[in-house]
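Summarising the annotation, TrEMBL assigns transmembrane segment to 24-50, 62-87, 99-121, 142-159, 197-219, 240-259, 271-294. Summarising the annotation, TrEMBL assigns domain 'G-protein coupled receptors family 1 profile' to 42-292.
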Amino acid sequence: VEEMTVNSSLSYFVLTAYIHVGSLKFLCFVVTALVYVGIVLVNTSLMVVICMNRSLHEPMYMFLLSLFVNELYGSTGLFPFLLVQILSDLHTVPAPLCLLQIFCIYMYGNVEVCNLAVMSYDRYLAICDPLHYKSRMTSQKAAVLISGVWFYSVLKLLITLSLNVRLSRCGNVVNSLYCQNYLIVKLACSDTRLNNIYGIFGTVVTVIVPLIPILFSYLRILQVCFSGDKQTRQKAVSTCSPHIVSLLNFSFGSCFQIFQSRFSQNKLPVLLQIVLSLYFLIIQPLLSPVMYGMQMSSIRNTYKRVFCSKVWAAHRDGT
């Protein structure tokens with residue numbers, strides 16, 4: 001009987017963080033769908049701008065392209081699933097789909113922080129060593145760094161999933177809106193020491209390894225800003241401000257997500273728990289492209305030229 005319980009619990013999981021909103025679920029569905037459409041539009045439009053314009057085929061914009069692709073990828077790992085669950089009365093998810101979602105969302109987080117770390121190093125070279133920037137950061141080196149970030153993230157998550165799949169579970173109830181690795185591991189009735197050790201190791205590596213180039217880069221940039229002239233400081237602020245905002249925003253969302261999965265949040269209002277649990281998967285994919293699109297004049301001007309000219313041409317042909 002015990003073996004049957006273990007096997008049956010592997011087939012699906014029950015998500016219990018969804019609150020009953022009655023007829024308002026259709027409003028929640030529309031709002032969620034509009035947010036997803038907004039994320040797709042802003043990220044896709046900037047990806048098109050970078051890909052279609054040769055003037056933007058430089059390392060900095062290659063890193064931005066990787067960032068926007070990842071924002072789109074992470075959102076797609078959540079939103080279609082979330083939209084189905086909002087309309088559903090039974091918030092169940094098949095185990096294979098749950099593991100796939102864990103892979104997508106956790107890989108998004110890993111790629112995001114590593115990509116931001118590589119971008120901070122790129123900004124360090126551009127500001128602190130501008131004369132040698134083009135030789136030290138070529139398009140080929142940028143492609144290698146981006147490929148390394150994605151390959152490392154895939155490998156890391158495959159190990160995480162392989163450790164998760166081997167566990168026998170005695171329960172299938174997850175207090176979350178979507179599948180989270182730590183909460184799934186907690187359901188196990190087999191030995192999880194290896195999972196816990198690798199989980200701690202993976203968290204430390206994910207935080208510490210990117211943090212080293214980020215801190216090094218910005219300490220050097222600050223030194224240049226304080227010792228340089230006004231023009232140098234303005235250049236540093238204009239190129240680094242969207243990166244810093246994006247980095248701080250993602251760090252806040254990720255930290256809350258880690259704390260929420262490991263510590264009780266019962267003292268917080270349920271609605272606030274829901275918003276904060278989705279923060280790094282909603283705000284970051286919206287904020288990053290908007291920040292870079294508005295702050296970086298090269299992207300902003302190209303965006304206006306490409307899309308405004310097409311709108312004007314369509315209007316002219318229509319009249």
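Glycine is treated like the rest: Cβ placed from N, Cα and C.
Please treat TrEMBL annotations as automatic predictions, because they have not gone through curation.
Because the structure is a prediction, the values reported are computed rather than measured.
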Which sequence-distant residues neighbour the transmembrane segment (271-294)? Criterion: at least 6 residues beyond either end, Cβ under 8 Å.
17, 19, 35, 38-39, 42-43, 46, 64, 67-68, 71-72, 74-75, 78, 105, 108-109, 112, 176-177, 242, 245-246, 249-250, 252-254, 256-257, 260, 265, 300, 303
For the transmembrane segment (142-159) and the transmembrane segment (62-87), does the number of C-beta pairs under 8 Å, pairs 6 or more apart in sequence, reach 3 or more?
yes
Taking 24-50, 99-121, 197-219, 240-259 as candidates, which has the most Cβ pairs under 8 Å with the transmembrane segment (62-87)?
24-50
If we skip the immediate neighbours and take only residues 6+ beyond the ends of the transmembrane segment (240-259), which ones have a Cβ under 8 Å from one of its Cβ atoms?
109, 112-113, 116, 119-120, 123, 127, 203, 214, 218, 221, 276-277, 279-281, 283-284, 287-288, 291-292, 295-296
